[in-house]
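Colleague: Structure below; questions to follow.
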Amino acid sequence: MPRRAGSGQLPLPRGWEEARDYDGKVFYIDHNTRRTSWIDPRDRLTKPLSFADCVGDELPWGWEAGFDPQIGVYYIDHINKTTQIEDPRKQWRGEQEKMLKDYLSVAQDALRTQKELYHVKEQRLALALDEYVRLNDAYKEKSSSHTSLFSGSSSSTKYDPDILKAEISTTRLRVKKLKRELSQMKQELLYKEQGFETLQQIDKKMSGGQSGYELSEAKAILTELKSIRKAISSGEKEKQDLMQSLAKLQERFHLDQNIGRSEPDLRCSPVNSHLCLSRQTLDAGSQTSISGDIGVRSRSNLAEKVRLSLQYEEAKRSMANLKIELSKLDSEAWPGALDIEKEKLMLINEKEELLKELQFVTPQKRTQDELERLEAERQRLEEELLSVRGTPSRALAERLRLEERRKELLQKLEETTKLTTYLHSQLKSLSASTLSMSSGSSLGSLASSRGSLNTSSRGSLNSLSSTELYYSSQSDQIDVDYQYKLDFLLQEKSGYIPSGPITTIHENEVVKSPSQPGQSGLCGVAAAATGHTPPLAEAPKSVASLSSRSSLSSLSPPGSPLVLEGTFPMSSSHDASLHQFTADFEDCELSSHFADISLIENQILLDSDSGGASQSLSEDKDLNECAREPLYEGTADVEKSLPKRRVIHLLGEKTTCVSAAVSDESVAGDSGVYEAFVKQPSEMEDVTYSEEDVAIVETAQVQIGLRYNAKSSSFMVIIAQLRNLHAFLIPHTSKVYFRVAVLPSSTDVSCLFRTKVHPPTESILFNDVFRVAISQTALQQKTLRVDLCSVSKHRREECLAGTQISLADLPFSSEVFTLWYNLLPSKQMPCKKNEENEDSVFQPNQPLVDSIDLDAVSALLARTSAELLAVEQELAQEEEEESGQEEPRGPDGDWLTMLREASDEIVAEKEAEVKLPEDSSCTEDLSSCTSVPEMNEDGNRKESNCAKDLRSQPPTRIPTLVDKETNTDEAANDNMAVRPKERSSLSSRQHPFVRSSVIVRSQTFSPGERNQYICRLNRSDSDSSTLAKKSLFVRNSTERRSLRVKRTVCQSVLRRTTQECPVRTSLDLELDLQASLTRQSRLNDELQALRDLRQKLEELKAQGETDLPPGVLEDERFQRLLKQAEKQAEQSKEEQKQGLNAEKLMRQVSKDVCRLREQSQKVPRQVQSFREKIAYFTRAKISIPSLPADDV
């Protein structure tokens, strides 16, 4: 090691000589031993002998630092005659080895869990196949005997033909779904096992006697990495070609049955004609040779550039805010650790499904050994599920919510980067104008970041590992069924409850839950079941929006004052909670034999009592629709048996979800925010409903929620809870469950489901959600049948009661439609006799079962009629009080008429000779015809009366909807309509949110807060922009410099750039090599799958087929793949270039997020990067599915 010459230099020992080799490097000759050495013999006296004695960046005796243009800085150990790329003074390599060993234990546990999950799915598939065969045999056997199949008796040995058909089709679809899931899981398991073995080999290789790679080995690995990268690049090009060929093949098939011809070419297809037209229009708009006035064109170009510049600046500001929000979220210890927790929860769910299918297995034609084996398997599963009772879930639910928030922010960030890239390209196309694009030269602009991105991917070691190799875009599609099941499994307390479902809310919390007071009834149950809570506190948005008056490049331009998001409830939270139900959910139940049950033609529809239930969420029509369309069962928005709330409906306004409980609390359904109802002294006293009244109700009732999602064509059925089960005499050894069927059944839709079994108690909380993938037109021709069944200790099933719901008038809105339904006993269900009896709830001459049921119904009818009378009297009294103050706002004669008719229908059979007032006309809203308490589903025959009265009513003054939070006018409207929850504090509530009731327009620009307004001048140092603290302006001074002059890069920036480069180790190099090999292997599998799919489609096309295979049409993964291929084929070269630029920008943004997280959470970037590298091997996302298995 040569040293600098100096006056105080020690002389060489006797017999030593200094020399230089052919490249000028200094070495030393020991003539005494006739040897040469690179080590200066004088270093023994001047340098430390070990690393423990080193100070600062000092190297010990025998060590030297070198530089290689390909590798960079490396270190030489002259004593052992070795080289290495790690810095021997740092302990980073040891920390890497420790993290690798820790992750191996975590990955081994995850692999074991997924193998067990695969085994449980195999058991379910075998059981479903066996049950499918048995059901087919039973159908053939029963269909041969007409009397046995269509017998009207309720014996459990008979089959209902409709239920049996639905059972067979559902089992068949379950078999196909399990086959697809097992095929995908098998491939994922293979990839994860390979990745785990690779990590084990790396750990064994790098933690043994081998200390690290030498310089020559590192160079060889880099050369191999470059060759692998070239192979991967060529493979990606081949993948794009295969995707384009798939798009062309798909175009030749007839996806739509109405189209009778095939398109020979993708570019000439009518599907893409609008795309071609839009591109031509876009290209024409960007030409500069358009004839016309040059002045007009230049002014239009200038206005367009200003508009695009403002949008571009706003997009960059939004991107910066999203980066800050992402960096503030707590990062998980290991990437993918949350996926392991999800798989454990899904394993519990799969075991529950297997247990439920074993409970409903058909016992007929099975040997005694098979029955004993099935019983032993059931007991084993019950014990395993009981053992996870103490598993905590509150912290896991919070982590899952953070993960969902992170995914949402990442998706927004990706969309923002695409928008930014698009706007940048549009600004470049308009750069011929005289107006310069100031944003392109500003700090953090896309132009500067794009240049840095190009320089960061030049084949260096860092680029190969963190930027190019381990970056994965957000293109991984998550199975919505999987996600929704996971959300539904999350519970508020902890553990598994065998007698009830895994849910986040218990039965007593439905009525009065201190933890979630803003959720009650089914709304609260559903929101809690999906693990939904109000979103996390987001970073406050800019208080001022971009103002066109400011021509300066300001950080936060002036604008109107805004109220912070956390100050008052927003309507988006309710949309987010409802969005939880848009996830697809399909419960795979197993078949069993059923009893013959006659269909229900009529039923009583009662609303919720104080046991805690929810109102229906239905969207009001306008007045014309109210007069034309029949009333459906969801119009009962005001529950009679609960404390009354006045709901004033306006045109185009959605109804409010009102839920009442014992504690007199209500929920604002449109915002999802709890607010206690404050009774005013001027308001009337509410009709109290005590818990003792529950004992009067002797009819079993079930709470059912319905919802249709038009976007995903999914019909959601929610079995919430059951009450008054004591109406049926059920042995304590038996258990009860609900059987849900959508009839008539379809062969391509799962239409029969079962809930979990529960021991018989007075009230049971189910919270089971089922999904039916069906179109809206097909759903309107279906009937929902819900049966309450019991299963004995000897696995003998019996249908106790049931109800039927017509789906012809189902409100197709984005809200949950919830009502209570009476369960009529199977022996008591009326059959359809003639048309005049269809509108009646109870037939006048209908015989009752016994005197107990007669007394129960009589008491219920008496209580209902008395409550109706009380409501009429209160409304009449209210009208008399308000008649002298204001004119009526709408007729309520129709409302009272419907009340009287409903009451007459209910009490037609028995007692209650109660006369209702004839001349009662209370003031109520125009849309009150759609809010009828205690109205049954057959109340649509009153439509003509409602329409007649509405047409005959003279035009009245319509209430005006006023947003009190944003209104700045002092003049109040006397005819203003406010929701009941806003009635308590109408004027006092707005003041805490508004900064000043009087806006002074003399303030600068706008009345925003002055302390949040920052104006930065992007000008030279003239007297108009000189700060007050500086010296006075002196002309011709040397300090007068323009900010547009490009200054030289200071040394601090260079030092920061070199410090940001992470330290590379041999372990990093080995991980990069193995990850590249893994990526190449998986890419080859994807290419092979694409080739097989193309070959299959070409063979079908050659055979004259005009439709895609059924397995491809039914599999959502193939549908996503074909859509992606079609989208890529439609992209032009410019759009593809924009996509690549957006991807590069997204990589740069991800680096910025890591840097910000390092500053905020003190997590070193090198630790984050290394964890991502390790997790890459055990993440197996199958983007290209294999060909589906044969159908059943």
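Each residue, glycine too, has its Cβ placed from N, Cα and C.
Note that the structure is a prediction, hence the values are computed from the model and not measured.
Straight from Swiss-Prot, here's the annotation block:
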- 10-43: domain 'WW 1' (DOMAIN)
- 57-90: domain 'WW 2' (DOMAIN)
- SER286: phosphoserine (MOD_RES)
- 441-462: region 'Disordered' (REGION)
- 698-821: domain 'C2' (DOMAIN)
- 873-895: region 'Disordered' (REGION)
- 875-885: compositional bias 'Acidic residues' (COMPBIAS)
- 911-991: region 'Disordered' (REGION)
- 923-933: compositional bias 'Polar residues' (COMPBIAS)
- THR1004: phosphothreonine (MOD_RES)
- SER1022: phosphoserine (MOD_RES)
- 1031-1050: region 'Interaction with PRKCZ' (REGION)
- 1124-1143: region 'Disordered' (REGION)
Colleague: By DSSP assignment, list the helix, strand and coil residue numbers for the domain 'WW 1' (10-43), in that order.
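Modeller: Within the domain 'WW 1' (10-43) the tally stands at 1 helix, 13 strand, 20 coil.
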Colleague: The domain 'WW 2' (57-90): mean pLDDT?
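Modeller: Across the domain 'WW 2' (57-90), the average pLDDT comes out at 81.
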Colleague: Write out how many residues of the region 'Disordered' (1124-1143) are helix, how many strand and how many coil, based on DSSP.
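Modeller: Residue counts in helix, strand and coil order: 18 helix, 0 strand, 2 coil.
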Colleague: With helix taken as DSSP H, G or I, strand as E or B and everything else coil, how many residues of the domain 'C2' (698-821) land in each class?
Modeller: 7 helix, 67 strand, 50 coil
Colleague: Using DSSP, how many residues of the domain 'WW 2' (57-90) fall into helix, strand and coil, respectively?
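Modeller: Residue counts for the domain 'WW 2' (57-90) by secondary structure: 0 helix, 15 strand, 19 coil.
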